Amino acid sequence: MSPLLLWLGLMLCVSGLQAGDEEEHKCFLEGENLTLTCPYNIMLYSLSLKAWQRVRSHGSPETLVLTNTRKADFNVARAGKYLLEDYPTESVVKVTVTGLQRQDVGLYQCVVYLSPDNVIILRQRIRLAWCQGKPVMVIVLTCGFILNKGLVFSVLFVFLCKAGPKVLQPSKTSKVQGVSEKQ
């Protein structure tokens with residue numbers, strides 16, 4: 001095996017180990033909604049409170065929405081545009097943020113809320129970022145789609161023109177078959 005392949009494999013393994021420490025980045029446009037799920041250990045946290053928090057650079061995270069019930073089947077909490085749905089039987093928390101605005105840019109986390117100073121982060125933190133290039137990307141993809149279709153039809157047209165009258169003339173075998181069928 002070549003040293004280059006070994007080196008690439010090692011780099012892939014190392015980068016995979018570091019990925020758990022990184023944040024998940026999501027970009028949004030004004031007015032969009034964000035929905036994500038946070039799985040948790042059913043044996044440990046099914047009856048614990050859950051929360052959605054904004055992480056500040058200094059000080060404690062700000063709790064935006066917190067469940068206040070510990071039912072075994074379903075717990076829900078709403079605070080403004082934040083909705084938290086806890087499904088203990090499925091061991092997952094569903095977070096929905098409606099009507100995202102520019103001021104929502106920042107770092108967030110989904111947690112098991114044991115106390116204000118004691119939380120357990122359920123998944124990678126989410127960094128919300130403002131998307132400015134998304135409309136441009138839609139235009140580029142649309143133009144690419146149109147150009148691609150134009151290219152396909154141009155090639156098809158060239159092949160049909162090269163085939164010329166051969167395509168339009170009936171073949172000799174069909175005339176012979178037609179005569180034998182009449183007899």
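Every residue, even glycine, has its Cβ placed from backbone N, Cα and C.
Remember, predicted model here, so these are calculated numbers, not experimental data.
The disulfide entry in Swiss-Prot for CYS110 points, among CYS38, CYS143, CYS161, to CYS38.
Of the listed disulfide-bonded residues CYS38, CYS110, the Cβ environment within 10 Å is emptiest of other Cβ atoms at CYS38. A Cα-Cα distance of 16 Å separates ASN33 (N-linked glycosylation site) from CYS110 (disulfide bond).
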